[in-house]
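Read the structure below first, then the notes.
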Amino acid sequence: MDLVNFTTVIDNGFLDETPSSRVLTGCFLSLLILTTLLGNTLVCAAVTKFRHLRSKVTNFFVISLAVSDLLVAILVMPWKAVTEIAGFWPFGSFCDTWVAFDIMCSTASILNLCVISLDRYWAISSPFRYERKMTPKVAYVMISVAWTLSVLISFIPVQLNWHKAQSKPYKPLTEALVSLGSNTTSLRTSENCDSSLNRTYAISTSLISFYIPVAIMVATYTQIYRIAHRQIRRISALERAAESAKNRHNSVGRGSSIAESESSFKMTFKRETKVLKTLSVIMGVFVCCWLPFFILNCMVPFCEQSSGGEAFTCISPTTFDVFVWFGWANSSLNPIIYAFNADFRKAFSILLGCHRLYPGGHNVETASLNKK
């Protein structure tokens, strides 16, 4: 085989890239990792430093989410980024541990999102009961269940090799490397970090890590919108009744009453639209980031391998990797979605030394579903 035309398909998915594309890939992935680190570190620091944030039980779930996303940025993303840039897995036997970290941290992040949706549903559907029942102890139990389940479906199966597809064991890969600025070609042999899953493990973990949590989130946020819709209508009806009584008492004209009624309906529509936008962003970002990966995760184990045995015929490694990074990118967006209410924004501005530049930042109206 002519070495110049030889290209090896490896697990990381980036094929025979030019130096410039590797630099661009490295810059983009580094920016994503740094953004994830900064956002989630700010969330943890804000809750640690400010007592009023620590006093709210709902923020226990937010900080648990931030910790899981922080671990994604520390234990998962950097190793994969180096692999994408280098074109091979340079960390040897650390592969199995890295795969376990990947499954654990990603699952913990998703399960924490699910727990947050349940917490907000209970807070809105039964606010008085929520105040009595949702104690720090209950929150710790819920968080512990999410993390324990994440560890159980990751480290135990991976350490016992229950997760691997039997047809694809570790094997050395030979990669053709073209030297910069010359036509010389050298060969390097390295281990491929085989993160392929068998069918049983891929389906079962996808159900636990994504499909069941996303079904719960869709159900809870749908109910939250319905409850918010009813409450907004009731509040608006009371406001209109109060205005009508005031107008009758003051003998205000018919035209003024109609104008105020129209204004009330506009305010009602604005409130409902704001709640709907907030819920749409929460679910939309989560589904867009993770759904493509989990569809492929269930599909790939059923694909046939290519004749060389290096790749699957139904999906290219590059496509699979792009959607892996899409999923991890959710960890950089979670702090923006879940922690950017007025209280957290004020805390962030103080931590970053920007509160003098934005003295009114804490008064900005935000569509937040946090329990105040």
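Keep in mind that glycine also has a Cβ here, set from the backbone N, Cα and C atoms.
Keep in mind that TrEMBL annotations are predicted by a computer and have not been checked by a curator.
According to TrEMBL, the protein carries these features:
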- 23-48: transmembrane segment (TRANSMEM)
- 39-338: domain 'G-protein coupled receptors family 1 profile' (DOMAIN)
- 60-79: transmembrane segment (TRANSMEM)
- 99-118: transmembrane segment (TRANSMEM)
- 138-160: transmembrane segment (TRANSMEM)
- 201-224: transmembrane segment (TRANSMEM)
- 275-296: transmembrane segment (TRANSMEM)
Can the transmembrane segment (99-118) be said to touch the transmembrane segment (23-48) if we require at least 3 CB pairs below 8 Å and skip pairs under 6 apart in sequence?
no
Selected stretch (most C-beta pairs under 8 A with the transmembrane segment (138-160)) from 23-48, 60-79, 201-224:
60-79
Other parts of the chain folded back onto the transmembrane segment (201-224), taken as Cβ under 8 Å at six or more residues beyond its ends:
103, 106-107, 110-111, 113-114, 117-118, 120-121, 124-125, 149, 153, 157, 162-163, 279, 282-283, 286-287, 290-291, 294, 297-298, 300-301, 369
Please compute the mean pLDDT of the model over the domain 'G-protein coupled receptors family 1 profile' (39-338).
82
